[in-house]
Structures are given as structure tokens and as C-alpha cells.
Amino acid sequence: MPSATARATSTSSAPSLAVTHSETSGGGQPVPSPAARTPLLETTLGPWGVPGPSTAAAVSSSPLPSLHSPAEEATTAPLSLLGVGATGVAAAGQTATESATDTTSPASIGYQNMGQAASTSPPAFQTSPGAPAWKKKTAISTGSTTATAAGSTMASTTGSTTATTAGHSTATTATPAGSKPATSLYPFGVEAGDQEYVQRMVEFNSPLFKPEIGFPFGKSLRDVLYFTDNGQIIFPPTDNYVPTNPNPPPRGFTGRESLPMVAAFWDDADFSKGVGTTWYQVRATRGLLAESTKIEKYLKIPYVAKWTLKVTWEKAPAYPSQRDDTQTSTYQAVLSTDGSRSFALLLYQDGGMRWDYSRLAAANVLIGFSSGNGYAQNNELTKEPPAVKYRPDQHSNVRGLWIYRLDSRSRVNYRLQCLAWLDMEPAPATWNSQLPPCPCSRPQAELDPRYCWSTGAKDSPQDQLQGGGMVLSCSGGGCGSLLEGWQERAWNTELEAFDWCCRRVGKPLFCARFAEKRPRVDCEGYVPPTPAGAFGDPHITTLDGLTYTFNGLGDFVLLLASDARTSFVLHGRTAQTGMAHATNFVAFAAQYISKTTTTVEWTLGSQDDIHVLLNNETIQFSYSQDLGEEVYYSPGVLLVNSSSVTAVLDGSVAVSVSATSGILSLVCSLPDWYRNSTSGLLGVWDHDPADDFQMPNGTSIPVNSSEEEIYSYGMTCNLFTQPLDSPALNFTPFFLSRLRQENESQYELVASQCHGSKECIFDSLSTGNLALGLATQSLTTNFQQRKTALNAFPPIITGDASITAFRTQKVTRQYRALGEGARFIPHVSPELNISENGTLIWEPRRTAPFTINLEAVGSNNVSALLQLRFTLCRCSRSQDCDYSNTVTLGESSLQVLAACRCESGYSGALCQTPPDPCSQGCFPGVGCDPSSGCGPCPAGLTGDGEHCCGSACGYHSCPEGYCSNGGRCHLHPITCAPTCSCPPAFTDQRCLVAGGDFQPLPSLPRRSIQMRIRTLQNATAEEVNSTVCHWRGGLRAGHTLAHWQHEAAAAPPAPLSFPCRTDSDGFTFVVVSEFAYDSRGTIIRFLNEELPAAITGAFNGRRRRREAGCCCFPSPVTVDELRDYFPCSLYGYKGYQLRYMGTIGFICISPCKMGFCQHGGQCQHLPEGPMCSCLPFSIYSPAGPRCEWLAVSLAAFLGILLGALALLCLLFAMACLALRLCRQHRRHRG
């Protein structure tokens, strides 16, 4: 049954600040409402409570009508269906319409609206000279009219009128903060359903949050986000790159930050001393929430949140913190999206923002956001003095409340549409118990009347087949074979859902969710429909394949069929064929009874047209662009008008009626569950034609009976609905034997023209019309060909359709095709080969999308397809591959991993980036060394270079030589204890014990090239040299290959040799340039394999007065040859082993990380090499340099010995006791 969707309408009373908002691109031209004078009452629902000064009152509902109409009573079949219809009563769904009223008290309110490109933003406000900085606002309140658009900051005061457009704000009156209402935080903590998350360390991140619908931010739909202790909510590019940076940029966001983020109160916080905590709550909802109400109230747009993250930083202390710190800050960030738009609500506790900004080393707190792709907004307080920007709770129109719109454009979110459809759909077990399997081939699908071809969803590359409770996909325009199928619940309403979930989203996980609601099906168990037919001057073929001629006149029962839940009746009406002593069908009627009763009637028109009645009412066909034919659909029945008019009843019974030469012909197909339960002129369906001439009394006549006997049998199926004086009661047809006797020569002539077809001969002789006979022959032949094609099955392909590969690994799969003469269709390409015997070899070299299906064809020329799914892992190591999280490339057969599981501090999409001590950012003004991390804090400050603060340590200093091996010493700002920041190789507190991985610092060879440059006009060698130097400085590995996911800069080349002119015209020069290798695998491959093409393409792409060609390249250095240039003796620690790891390159790894110590021994890497500390376990005591020897410890041996002796003593004592008791027993008996 098709689902019906009701549209809910929401209305609101006139608010005090009405703004009409355009949704075209994240904002629009505002239109103020002249009637906006009604007080506004903020409404909320849910456990978050009511923020702000308003009172809560709301009604929210989302009514949906039932997906099924109530079942109708089954009507009793009339004596004849011809001219009599069963009338069904349709249940009408009810759609509820809601109105929501939103009002508020006449207090001044305000918000900071949508973001704007930071690079082009004009000043957010202006004031007259000398005005206090903290009063610079644009304000609104009772009696004001305000309009806003994307990128604006809005506020007002009593009696003011303000209009703002994108990127501009105008201040009319500066109002002291004390006259503005203060917002309240949303309730937080355990009572509010929040989860606490805190780590007692200087820096920590929250778990990852992954909204199913995604989160629109700027131009992108983000998948992952997390918050930090420093007041940030960050949207990382991958799950593996989750840095935290305690130091905001002094000049704010530019819109081009590498990490998209929302900064609620970004500055260096410190929860390590036990003060403060963080709370969070995630809500995926369809209802009205408090944040929805605030957004609707202040932005004047309808909004219902679908996913929300609330984060509360409670009593967050500034770095460095103390155990009794009371100068803390409490604030919230609420990120909310409805799937297409997104907002950030930033709330600051009134009086709760108490950081002592005078003691901060860098008072650069930042509030705002950056999408990383050019869309950003810095809060207007950013440029104010610390006394203002560290007290956001005392500013804005509603003090402490700021609202940002985070998406730069509205979008269609196919994830949301898919999930909404999934939420509404019931479990398949409630409706799919009677659905048949798929057809196995396209010919079967084309000829099975339960299915119709569809063009599929818009822009779909595949045609699709619908009907019988399922949808089938097939490949290409020709669609010679069927690919896959899934069950459907309603006709022609689910292709769009498939398009959303399986094509538009591009994430296989969503398609897997779709498959949970619409299970995948194949053709296992498929039984082609068994057709029966009636053609010409009726020639009838029964369900068991018996063919006979019956020329009765009247209304006849063609078929009666029933099972425990359904029944089907088919009647036919005949009329005399002109003046001939023969008849033909002129009307049919079918009635199907299940939960409802459906009656369809076909009547022959005067122009060989067919009039159709459905439930006794005339229907109007309409052209379906999707199916390419005229159709009419009603619950339980599909009517298709093409060369014939076909009715598919409940997706199982099909009746097709066509008209030719004033005669109706019929083909009827039944599902297999009616076998052994049919009667009528179409026979007893039991695969035995011998009983097809069974009369209503249960007796049968032989199948070789005479025409007269068959006529008598057929008349027993007459409904006798004609009056007693009807000519039909006195009609007697001519039989073929009589027609032959009357004119033998004519019989022979017609027989030769009909090629021996008895049906053609009879119709030609009885009507005197050879064309009619040939038309009957054509129908009969076509009917038999259809039966043959329906029973022709393709080969069966066995083998796993999912193929995975790691990087350039060669993968081989063997498939089998079962069936007579079955063979595979070969396929040859640079990366993929399929042989005729089913051997598939895949050797991935790149990530360009491709589509390939395994095809096998049998001796009957019917083919089968197996849809292959290729998954490629490009992670640096095979153990990093997460095959459960993939992305489909361009609707192709290829999937790649969405992320890798990185270990040991590696990051990046492919885990290709080694641990980077600079990734967390350094204190402003502090440089960073890639090997050792942040440098020392600026003069007068102390810290590790990442965290710096004013020192309370006076003249204390680090002891000389406190940190070894290049470690940097700094004093803790509170305790003044020395602390070391060690290089990556060292694992202890004073940089003495090694064991960590590190990249060697080699003395590398260089890759030289010789390039011939021809200028387009005369030039000097100096001009050529400066031009090449400028170009070469920007050359980067990866710019020319889209499949490299990162940019690895080629190491700075050596100085160029001076260009040498090779001709006398000043136009041609030869330049030699050198490029240095480094340890990264991407650079090695780039310099070895891709450098010449990159140079030529990049240089010529920028040419104006020159063109270049590479002419001489010495042999590249291989990876094995490079090993000698990468010593692992950087710190003088012996035993490190060099490993080459794909995109990472050369890494020095300690044996301690490779199981050097056995039997649980603890490994320490000291200067002389790895050393093992053997620890006893169980009864063993390991020994040896690597704890490789096991011995039973003395204590364990003595314990075992004493235990054995104690056991023996116990046994001896028990034996003695038993002996004594036995003796005593004997004495008593004696």
C-alpha cells in the first residue's frame, strides 16, 4: 500500500520583532513587519529547560497518517462479474494542522546572526569618538523594528530603528549593560541528562561525535566533531587527526584555517588541578527544542532541530590552574542543525566569566567560527580590550547570548531524507511474507506480467524493474542481465528512497540501512508464472499447456482459484463472430479478493479499443514518464495500457487483454500458491493435462475427446445468465471436421498458408478471413515463445562479490558458472582482468572510479551478472585498514576507506603523517622545530613553549643538564619543578630511556634534471635563472596527482647551475636543477617516477615567454639504495632498526616495540641497546638477555615440595584414622 504523507502547517502570532528571512543562500534581504508589536513568550520542550528570562509554554506535535488504509470487508463474488462490479469503500486519511503561538515579554532582545567571509567583513559597528568601547552595540527593544540578513550582527534599544544587511551593522544608541536582560544557561549536569567528561591534564579532547545526518558548516557537510578543554568545537578532516591548540590566533579567524571550528571561548584552560569539568549531551530528535525556539524567536525563521550537541564548560580555570582556583568561567555552546541549516548558540553565565585577564600571558581569547573554506565570523568583542572580551556575559542585547548561522548556503541533505524515510518504514517481517523472488534474467522479467520496466530515479544510470513486491536493477541502457533486486512495499514510491540512500549519500552504510528495510533478494526459488490463454475463435491453452478449441456462446467461468487467504475469479463473454458459426471473446471480468475486493472489466469497443472499468467505474489512464507507458494505479491493482491492457492484482495475479480484428485475446498468469486449487475452462493446474477437462461434478473427459465432446464439456462452465429465449441457448457452432468435409480443397489451401496451424486453419475457414486466421496464428506462436523464454534460465555464478585490496596488492579470485555451456565474458584492462574460465585478477594502481560486473552466458544465450564490489585500502599499514567505513567513488564499483585506524600517534587520511610535535600549536611568538617541538617561551614567561605564563619562580632555573638528548627543560609555573619536553624517541621524564619511533635525519643524494627552455623572445641567462628559481620554489609533490590526499613539499633543491645558452639567438637555454630526497615515501616516489612530467606540465602551464622540455634524467635512486643514507644513530642509541612504511617512508623503530623481551619482560632502550627486566610469573622465573629462558623459581619449587609433603601427611593421617575406625567397628561387632 502506498504511504501517504500529511503536510503540517504551522502559524505564529505576530512577534515583536518580525523578520522575513530568505533561505536561498544562508540569508537574504530582510523585510520588516509593520505589525510586529505583540509581546513574545519563548516556548520550549524537553529536559534542557527554558534559558533566558521568558516563560515556557508550547504545544508541539508531528501527526502522520497511517501508512495503511483500514481493511475493507471482502464482498461475495456475484454470479457473473460481467456487467456487475464490486464497490470498495476507501478510507480517508486525516491530516492534522497545528498552529504554534510564540510570544515574549516586551524586553529588549538581540542576537549575533549569520557568519560572513572574514576577509571581506567591514567593521561590525561604529561609534562616535570617545564613546566607551564596551557600549558599542546595535540594539533593539520594545517599539523598534529591525531587519537582518546573513552576516549581520543585530541589537537595538528602546525607540531605535535599525536596518542591517549582509556584512553591515549600524549602531544608533549605546546602552549600558545593566539595562539589558541576561540569559540563563540551559540546565546542565546529571539532573539534565548530561554526561560528564574531564581528564585531569593540561590538554584533553572529548570523544568524537558523528551525527548521522551530517552537520552543515560553510560549504561542506561535516561528519565528525569534538570539543576541547579550551572552549573549541572542532570539525576534523578525519577521525585520526584530533589536535587541540590552546593558543588562539591573535588576529582572529581568517576563514582559511586548517581545522574548521566554533570557538565558544577559545583560550588556554587547565583542568589538571581538579577544578572545573565539562558536560555534554547529544540529542537526535524530531521535536521542538529550546534552541529551536530561540532560533525562531531571534532569527524569525521556522526551524525544528534534528540534531543538537550541547557542551557546558563548568568553572573552567585559566592556565596555570591552582587547586583552590575560584577565578573560573562557565559557559555553553549549543550546535544545532535541521539537516540543511546549522546554528551555534553561545551562552555565558551571568557573572560566571571570572578569569583574571591581567595575569594571562597572552589575552587573545577568541569567540566566533571558521569553516576553513572562506566562511568565518569573529565576535565583535574580539578587537576590544581584555576587560571587555573576557566578559561576554555582560554584552549583547540579551546579555551573554550570541547566535551564529554556520552554513553558508542551504542544501538538500539526502542523508536526512533517507533517515526520515527509514524511520517511517515498518520492519519487513510485517509485510513481506508472501513476496516472490526476483526473475533470473531480463527475458523472464520482460515477459513476467507482474513486473514493469522503470527508468529509475532521476539521473540514475540504471534501468529498474518494478512489480511483484520488488524492484530490480539492471546494468546499462541495454540491460541484458539483471544485477540485483530488493523487496518493495508500495508501487512506484520507493525508487526515490533508494536514490537518496544508495546513490546520493555516497556512503555504503546508508545503503545497508536501506537494505534492512528493503531486503536484498535474488532469483533463488524463482518460478516463472504459468500462463494460460485464449485467442481467436476461442482457442484455449490451459495452465497445464493443453490446447483446444471451444466455440460456446454466452458467459463462461474461465478460472476459479483460491487459497486460505485470497480468491480469484475470471469470467469471459463470447459473441458470434459475424455471420459465422463461431464465437470469440468480447469481454472479460476478473475479481480478486484478499483484504479488499478488486474487480476489473475489459469490454471490446467498436474500433478495436478496450474499455476498462475498475470497481464498476471508468478510469482514465495517464502517461508515466517513469514507466514510459499509460498507467493507472490504485491500492492493490496496477493497470498498464500499452499494446494490451494488463491488470496486476496485489502484485501476484496478472491478466492481459488485447484486441485484434474485433476479437479479444487473453493471457492470465497465476502465482504458484494457486496450484492444485483451480477449475474452469483454463483447466485444473497440477502439471497434468489429463484432468484439465474436469466438469463441475468432478468427472473428466479424455484429452483426446472429439470436438463435440469438448464442446459439451465447455458448456458445463456456462453461467447461464442469458434469458431463456436468448439465441445463445440455440447456438450450435461448426467444428473443424465439418468445415473440412464441406470443402477439402479449400482446407488444403488454407492449411498450406497456415503452415499446419489448426487454430489458423479453423479461424480462416469458419470466418472466411485468412488474415484473421494468420493473426490468431501469430498470437498463438507468440504465446508459445513467451512460455519458452520464461523457462530459459541463465547460468548461476558462485563466488564472493566483495573484493578487498591493500594499496597495490595483487588480488586473485576464482568464480564458477553453473549451467549448460556456461562461460564468462572476458574483460581486459590495465588494472583488472577476467578470463573466460572465471579467474579475476585485480592489481590496483590508482583510485579512479570504475564499474565492472562479472558476466556469464549459457548455451541458450541468456546471461547472468554478478555485481562486484571492490574496496581499496590506501592506509600506510594493513593493520590500519577499517573496511567497515567506506565511501563509494562516483556511483562506481569502487569503494575506498573513509578513514584509517591510526596508531602510535600517526595521523592523516592514510595514517601517513608521523607524530608532529608542532601540530598542537605553540604560544604566540614561539617557533617550532619539527623534531623537538615548540621552542622556549618568550622572555619573562615560563612554560613548555606550548603553554606559557608569567613565572612565580623568581630566580629559579632548570638544573644544568637536567634534560638529556636534546630535551628542553622548563619550570612548572606553580610548583617551579623542572620538567622536560623530550624528542619523540624518548619515553621517560628526563629523556634518557628511548623506545619511541623517530624519523632519521639523513645526508641524502640529490635528484638532478636537465631542462631545455626556449623563451619566446630574447632573454638573458639571469632572467631565465630567476624565473626558474621562482617557479621551482613552488613545486610540490602531489599537485599533479589527485589521488595523493596530502601535499608533501619536495625538499628545497640545491642552487641551480647557471643557465647555458645553446644557440646564438638568445632564445634557448639548458638549466640543471637538483632536488633533495627525504624520508617520506611520497617524496621518494614523486622524485623517482613523477618529477619529469610534473616539471614539464607545471612549467609550461605557467609559460608566457618560455616553454620547457625535459631532456636528461639520471637514473633515480631506489628505496633499497636509499637505505644507506638513513642511519638510526641520531641519538647514539644502538639497536634501532630501519623500516620503510609506504607513504610514511623511513622510520627508526626500537626492538622494544617489536617483542624484543619475551615472557612478559619489560624493555628499556638504553644507549647500549635494548635491555630486558625479567619479571617472574606463575611458578616460572624468566632469565637470559631477552628473558627467553624459563626456570621454575626456588620459592615455587619449595612451595610445591612442601605442598606435596603436606598432602602426603594428610593422606597418611586420613588412612590412619580410617584404619582406627575400622578396628573399633570390628571390636564392637565382636
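Our numbering is plain: 1 for the first residue shown, then up by one each step along the chain.
Quick reminder: no glycine exception, Cβ is built from N, Cα and C everywhere.
In TrEMBL this protein carries:
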type: REGION; residues: 1-73; note: region 'Disordered'
type: REGION; residues: 93-183; note: region 'Disordered'
type: COMPBIAS; residues: 98-129; note: compositional bias 'Polar residues'
type: DOMAIN; residues: 954-992; note: domain 'EGF-like'
type: DISULFID; residues: CYS963-CYS980; note: disulfide bond
type: DISULFID; residues: CYS982-CYS991; note: disulfide bond
type: DOMAIN; residues: 1149-1188; note: domain 'EGF-like'
Review point. Are there residues of the same chain, six or more positions away from CYS982 (disulfide bond), whose CB falls under 8 angstroms from its CB, and which are they?
Key: CYS963, ASN965, GLY967, ASP988, ARG990, CYS991
Point to revise | Number of helical, extended and coil residues in the domain 'EGF-like' (954-992), per DSSP | key: 0 helix, 9 strand, 30 coil
**Study point:** Remote residues contacting the domain 'EGF-like' (1149-1188) - C-beta distance under 8 A, at least 6 residues beyond either end
**Key:** 985, 992-997, 1132-1139, 1196, 1200
Review point. Around CYS980 (disulfide bond), how many other CB atoms lie within 10 A of its CB?
Key: 20
**Study point:** For the domain 'EGF-like' (1149-1188), residues assigned helix / strand / coil by DSSP
**Key:** 4 helix, 16 strand, 20 coil
Point to revise | Cβ atoms near CYS991 (disulfide bond) (within 10 Å, other residues, all chains) | key: 22
Review point. Around CYS963 (disulfide bond), how many other C-beta atoms are within 10 angstroms of its C-beta?
Key: 21
Study note, to complete from the structure: On the domain 'EGF-like' (1149-1188), the mean of the pLDDT values is 88
